[in-house]
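Colleague: Below is the structure I would like to discuss, written out as structure tokens.
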Amino acid sequence: MSFLKPKTHIEQGDVVILYLSVNSMHAIEAVPTIVNKKGETIVNIFQTPYGSLKVQNIIGVEYGSRVELSKGYAHVLQPNPELWTQTLPHRTQIIYTPDISMILHQLEVRPGAVVVESGTGSGSLSHYFLRALKPTGRLHTFDFHEARAEQAREEFQRHGLGDFVTVYHRDVCNLGFTSELDGVADAVFLDLPAPDLAVPHAFKALKLSGGRFCSFSPCIEQSQRCINVLTQLGFNEICSMEVLQQESIIKTRTMPVIDLEFLKAPKDAAAEPNSNEDTKTKEPKEIKKYLTSSHPQLLPGHTGFLTFATLPPNIPKA
Ligand SMILES: C[S@@+](CC[C@H](N)C(=O)[O-])C[C@H]1O[C@@H](n2cnc3c(N)ncnc32)[C@H](O)[C@@H]1O
């Protein structure tokens, strides 16, 4: 139940983030025993590069505390969607926090919102939707992979989020979202290989008073096909974007102090052919150190194109 609301102490069954460093975190379940591959019940010992943790020892411990490992220490943190995205078991490719922050902002997900999502995948994005729309909203999430849908359903339940989500096992490109969802959604989100096939179903699911749409696609051709269908159906404010993180390089650089007289000199040089020589010899006199900021020339990190659109109110849905 550790995703539902802030807690002070770890209870048995909680998902806990074992934080070793910013690049090394693990999601563990606070249970004293586990069943091994041979079907035997054994003491739950979690191994890390800094030694082992007897998981029973963290039950009752305050969240945020430092806990001893056999060869070092770690901190035990209450999970949130950001930490979960970094530690969750990958069943599929997932969407990460920078793209998700833009998705939540552009879809205006807020308490009370009804969001329709497909595919559920590993549930990375779903956890953010749930945090933003609870306690009065609802997430309807669809995946055509039965095991993934079942695992996600069980995971939301275990995380204490089961009351705010319905997980469907369904092919949304061929069958659409269920008819009970016609006209109920404030926002529809697609992370599918062929989003264009699901856009007409998203159109149906959005409220008659209008709503927001987003599709995440790694390739621009997928976005282009999606945009064609959005345009045909009367969506507006269509916009595709990429969320790229740009690093700032902070460096002390040595630079000459600009001498305005020196800068003027080359102009005069055109009139006097021999004066070129003279200007070359005029070196700037003063050199100073400056703290500078610049950006790398390459921007790595393409994840996908986010295509957003608005369904305006009262578009007839014949
Ligand atoms: C990339 S994953 C989604 C990851 C998810 N956004 C996350 O952040 O964890 C795409 C999912 O879409 C599902 N999918 C693909 N085509 C589908 C369809 N036609 N109907 C429903 N689900 C579909 C796949 O089974 C897969 O689980």
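The backbone N, Cα and C atoms fix where each Cβ goes, and this holds for glycine too.
Taken from TrEMBL, the feature S-adenosyl-L-methionine binding site covers SER122, GLY123, SER124, LEU125, ASP143, ASP191.
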Colleague: Other residues near the S-adenosyl-L-methionine site, CB within 8 A of the CB centroid of SER122, GLY123, SER124, LEU125, ASP143, ASP191?
Modeller: THR92, ILE94, ILE95, GLU117, GLY119, THR120, GLY121, SER126, THR141, ALA152
Colleague: Based on DSSP, name the secondary structure state of ASP143 (S-adenosyl-L-methionine binding site): helix, strand or coil.
Modeller: strand
Colleague: Through the lens of DSSP with three states only, how would you label GLY123 (S-adenosyl-L-methionine binding site)?
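Modeller: For GLY123 (S-adenosyl-L-methionine binding site) - judged by DSSP and reduced to three states - the answer is coil.
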Colleague: Would you say which of the binding-site residues ASP143, ASP191 has the most Cβ atoms within 10 Å of its own Cβ?
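Modeller: Checking each of ASP143, ASP191, the winner is ASP143.
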Colleague: Taking the residues SER122, GLY123, SER124, LEU125, ASP143, ASP191, which the record names as binding S-adenosyl-L-methionine, find the longest CA to CA distance and state it in Å to the nearest whole number.
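Modeller: Largest pairwise Cα separation, rounded: 13 Å.
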Colleague: Let me make sure I understand the structure: which of the binding-site residues listed (GLY123, SER124, LEU125) has the fewest other Cβ atoms within 10 A of its Cβ?
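Modeller: Among the binding-site residues GLY123, SER124, LEU125, the sparsest Cβ neighbourhood within 10 Å belongs to SER124.
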Colleague: Using Cβ-Cβ distances, find the residues under 8 Å from SER122 (S-adenosyl-L-methionine binding site) that belong to the same chain and are at least 6 apart in sequence, listing them in sequence order.
Modeller: LEU88, PRO89, HIS90, ARG91, THR92, ILE94, ARG148, ALA152
